[in-house]
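Written out below as structure tokens is the structure these notes cover.
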Amino acid sequence: MDQYPSMYTSAPPTPGNMETVLVTAYPPAQGLPVRGGGGAAADDEDMRGWAGNDPSTLLLVATLLTALSYLLGLSMPGGYWLQNTPAWRDGKQVALYHAGDPIMRDLHRPRYWVFRVASWVGVASSMVMTLSLLARMPVGSRNVMWSFTVAFSSLVLTFIVSQSRTHLSLDIIIWVAVLVLIWFVIGLHPDRRARVIRAIFCCNRDN
């Protein structure tokens, strides 16, 4: 069997017109791959999970996460010192807070650094998600899913750390719980997620 396309003329040349139209004949395509490998049923299964989301919608979500993380990072809890303020202890000046410096950094330094790191990690993760979607990476890829999980949970951590009346260790525990919950919701297949929920709550299949 000839492995190359055959060349033939579509019609004999007419008198006065010596041009000949060449048409390339290719053999019919056979054995083309089918998306999902299981036909419509496999596609329906994929549409039930995270992979069924529209990339345009996720791109909008990633843009909103970037904007929110950036705005939360700019709105420093407690504000800034309006003027140089000395700190006194036992009648002696122990520090000088300069105008324009964050109050949270001087009075609650561990909470300040957690706030800063969470805000910048949120911005970076949402930008990675945006670039991944613009590069047409699959919605179900771990690059997109993990960047969304980290960006969303970092947004929650930035918010709860800004509340100064909560304990810092409790804030971090809440962040870890939110991180695991988001990955549990979007990372597992719906059928596997249902089995895990039934196992946790000791529910039978009939119930």
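In case you wondered, yes, glycine gets a Cβ from its N, Cα and C as well.
Look at TrEMBL and you will find 52-164 tagged as domain 'PGG'.
The transmembrane segment annotation in TrEMBL covers 57-82 (among others).
Within the same chain, residues 55, 58-59, 62-63, 65-66, 68-70, 72-73, 77, 104, 141, 143-144, 147-148, 150-151, 154-155, 157-158, 161-162, 168, 171-172, 175 sit at least 6 positions outside the transmembrane segment (113-135) and bring their C-beta atoms closer than 8 Å to a C-beta of that stretch. The transmembrane segment feature in TrEMBL is assigned to 113-135 (among others).
Under the heading transmembrane segment, TrEMBL lists 144-162 (among others). Counting residues 6+ beyond its ends, the transmembrane segment (144-162) has Cβ neighbours under 8 Å at 50, 58, 61-62, 65-66, 68-69, 72-73, 77, 111, 114-115, 118-119, 121-122, 125-126, 128-129, 132-133, 137-138, 168, 171-172, 174-175, 178-179, 182-183, 186-187 in the same chain.
With a cut-off of 8 Å between Cβ atoms, the residues of this chain six or more beyond the transmembrane segment (168-188) that come close are 49-50, 110-111, 114, 118, 145, 148-150, 152-154, 156-157, 160-161, 196. If you look up TrEMBL, you'll see 168-188 (among others) marked as transmembrane segment.
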*How do the residues of the domain 'PGG' (52-164) split into helix, strand and coil according to DSSP?*
72 helix, 13 strand, 28 coil
